[in-house]
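Heads up: the structure comes next, in structure tokens.
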Amino acid sequence: MSKEIKFGNDSRSKMLNGVNILADAVKITLGPKGRNVVIDKSYGAPQITKDGVTVAKEIELEDKFENMGAQMVKDVASQTNDAAGDGTTTATVLAQAIIADGLKAVAAGMNPMDLKRGIDQTVKAAVAELKKLSTPCSDSKAITQVGTISANSDHEIGEIIARAMQKVGNQGVITVEEGQGLETELDVVEGMQFDRGYLSPYFMTNHESGTVELENPYILLVDKKIGNIRELLPTLEAVAKASKPLLIIAEDVEGEALATLVVNNMRGIVKVCAVKAPGFGDRRKAMLQDIATLTGGTVISEEIGLDMEKVQLEDLGQAKRIVINKDETTIIDGIGDESVINARVSQIKQQIEASTSDYDKEKLQERSAKLAGGVAVIKVGASTEVEMKEKKDRVDDALHATRAAVEEGVVAGGGVALVRVAAILKGLTGENEDQNVGIRVALRAMEAPLRQIVENCGEEASVVANNVRQGEGNYGYNATTGEYGDMLEMGIIDPTKVARSALQFAASVAALMITTECMITDRPVAASAAAPDMGGMGGMGGMM
């Protein structure tokens, strides 16, 4: 297929058009008074959102050169979202400002490579200054404020996220699901829970709730299928003598073994329940070891030379309480040694850092959280499906933002931190005048988020930006109330990681676009010419 090629200013102007179309659609969502964007869907109701990356992902332009520009800025939003979970609109606004000013400088004859060096130098210095301005975020009040700001000033969402983090710890697993009611609720699963239920309903102890409830049980962990009851007899006899219930977690319990357990349970000889081990393959082995660590037991495995017929009570795990329904098992207050549990958690965290797969990381984080203290589920409530999707997006954003805040601290929000950094770096110089122009381009762009927030409020951006510039420290503009003051005291804060990621990714892609000299795309295929009318046969008119 033949290609279409554009060079120099022709290519850059087309690219800038695409950048502007995408950025203009995204930036109207910025700030507490940002507007909604309605996205048509091929099925179901339209989607209403104020999430920058959601808007960016929907944009595809007909002109292929313009589309290349749009897709590169879309990449800025996606990378920022992946790294920090929020700040996608800020990143898009920064990228647009750097690209627009940078391309003007290129058109005026500046060296694109020197401009790039100037921009890179500024961003490196800005990141260092942001870290100096950052303050730690550990208390519930600060976490609530971050969540509220990221959820577009929804205080309820901020509070629920702070409560969830309080319950399961800052590194705990918090998942977001669609709820059934109108209210957003927090459901905390304490202890270790895994998605395997009882193997037979005859194990049930509470028929009203359909659950098996075991108080102070022993736990037998076996890394194989159990089909022969003879293997279990020594364990059953020892547990019966101790007058305690028994939970068996194995790859499977079937045939004669399962039938005998059911009969013993129904006759009251020994209170017992059997469930399948969670996971598959190597992950199952790892999760059995997690349960063993939590309950102070040993996994009975032929691989390490342990035989079921020689199991002692000391090999069994113990917990204060276990609740099992047809789908899930929850182990509460295992008696495992805390130092051993902490060592296991540290080991899993090292695996998370070494892992390159997002899926593996997610599963490892779940395991770590289950060992460390539980899982929180935020069930989002709404009156319509459209509102549900929009609210769930905001809760996801707020959750990522609060995690980022706990990780690297917070800075003054509302675009103020970047304005302060720009003021600190005013005297920064490069090796030549073209690099100095690149530095000025990046410093001017740092005001763009503040200006856009103000514009979305319907106020005059230049006046507000000037007033903020004249202030010091955390002094800024509260776009919700229209007042000036200390942003931290007013609860308007941004995670440092979000501000840093937005600036770094925006500058990285923008600098690449400024140094673009040629663009290549497939030539559009012309529509085939319409076939001519067929001539009529004798005595007939032409066919229509």
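Cβ atoms are placed via backbone N, Cα and C, with glycine included.
For T29, L30, G31, P32, K50, D86, G87, T88, T89, T90, G414, D494, the entry in Swiss-Prot reads ATP binding site. In the three-state DSSP reading, G87 (ATP binding site) counts as coil. The Cβ of G87 (ATP binding site) has 32 other Cβ atoms within 10 Å, all protein chains considered.
Each of the binding-site residues T29, T89 was scored by other CB atoms within 10 A of its CB, and the lowest score goes to T29.
Considering only the residues assigned to ATP binding, T29, L30, G31, P32, K50, D86, G87, T88, T89, T90, G414, D494, the longest pairwise Cα distance works out to 17 Å.
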